[in-house]
């Protein structure tokens with residue numbers, strides 16, 4: 001089924017920054033997709049095209065990307081008469097038309113907007129749910145509901161507190177279904193709010209970009225202690241484990257790391273990667289930490305490799321791998337991590353996202369699907385995680401509509417699957433293992 005019309009516009013994301021939305025029309029109707037954007041971005045990500053006109057949205061407008069769709073990509077696709085079910089052909093055509101390594105001609109935000117809309121239209125054309133269409137594109141027979149990783153304490157570049165590490169997450173791995181995981185996560189979240197309020201006052205329960213709390217604490221183990229207390233208070237010590245996203249590239253300074261990077265710089269307090277690794281090992285020993293993302297800088301390969309060889313938890317590459325097959329292959333070769341963080345806008349098309357996921361899975365890695373800190377009400381990644389069977393998703397706290405949009409869609413998908421629904425649970429790192 002051919003595309004009839006493609007129209008892009010500038011809308012606002014959850015942080016009040018412009019982003020790209022695309023409407024694609026076929027005989028089956030209108031299919032809409034919106035593109036997310038990140039705050040802590042890896043230097044190897046595909047290029048998000050911003051206008052740079054400081055007199056408008058402080059330079060963050062996306063009218064150039066919108067124009068690239070409306071004047072170039074859209075007309076070229078309509079002329080080519082490609083079918084919306086041919087995701088790979090459509091994506092390949094756009095990538096070749098762009099012709100750059102990092103999609104800098106049109107912008108990854110332009111190409112991805114169209115790619116997502118095409119995927120939604122393709123599902124409708126086949127008369128199947130989006131998650132089933134994505135599973136077909138990936139060659140998956142199975143469908144798996146993921147364990148949600150709720151980011152309930154925010155630090156790093158996502159919050160105005162002193163905390164260096166960016167996300168402290170709870171994973172209800174002991175739940176029996178996705179719906180139960182939502183309930184457990186929400187209950188722990190509310191208990192955490194009470195614990196923080198009692199200890200630091202009401203102001204400390206203000207929420208960050210992703211719906212988590214941002215109490216003004218400096219010590220990272222204090223955040224872990226708060227989680228441990230809230231998990232106990234909610235009555236789920238046997239069902240909930242902890243994950244972290246350190247985003248260490250944000251506080252990497254001249255080969256070392258600054259755990260107080262939001263204060264005036266003082267090289268005397270910078271620590272080595274090895275020392276930082278020892279701190280993580282103490283977290284793993286004292287708390288139920290099962291997953292650490294970006295523990296070191298995106299180019300500190302040697303420290304990643306030596307750390308992975310000494311722990312048996314999940315080590316996730318985000319800034320390290322940026323959903324890019326070349327970086328993933330490098331990380332596999334160097335044995336730097338054992339899980340990929342999958343963000344569709346880091347690579348910039350549905351096809352390449354699926355390829356990145358399959359490359360990681362074929363090397364025995366886990367895959368965690370992820371939102372960005374600047375989100376929209378688009379729910380594409382909820383269907384994506386089910387179709388790709390990755391078993392884990394992080395899309396914020398159980399708070400703020402742009403986060404709940406994804407979680408609520410996952411509850412609907414589980415409901416639609418009925419007794420065929422499979423929840424990853426404790427097998428979240430490799431849900432397909434029998």
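Cβ coordinates come from backbone N, Cα and C, glycine included.
Matching 238, 245, 258 to the Mg(2+) binding residues that Swiss-Prot gives (293, 318) identifies 245. Record check: Swiss-Prot places 158, 293, 318, 370, 371, 372, 373, 394 at the substrate site, and the matching candidate among 167, 333 is 167. Classification of residue 318 (Mg(2+) binding site) by DSSP places it in coil, neither helical nor stranded. What surrounds the substrate site, by Cβ distance within 8 Å of the Cβ centroid and not counting 158, 167, 293, 318, 370, 371, 372, 373, 394, is the set 38, 151, 166, 210, 245, 341, 343 from the same chain.
Rounded to the nearest whole angstrom, the C-alpha distance between residue 157 (phosphoserine) and residue 293 (substrate binding site) is 15. Taking the centroid of the Cβ atoms of 245, 293, 318 as the Mg(2+) site, the other same-chain residues with Cβ within 8 Å of it are 166, 167, 244, 246, 247, 292, 294, 316, 317, 319, 341, 370. Taking the C-alpha positions, the distance from residue 236 (phosphotyrosine) to residue 245 (Mg(2+) binding site) comes to 22 Å. Neighbour counts were taken as the number of other C-beta atoms within 10 angstroms of each residue's C-beta; across the modified residues 72, 157, 176, 205, 229, the minimum falls on 176.
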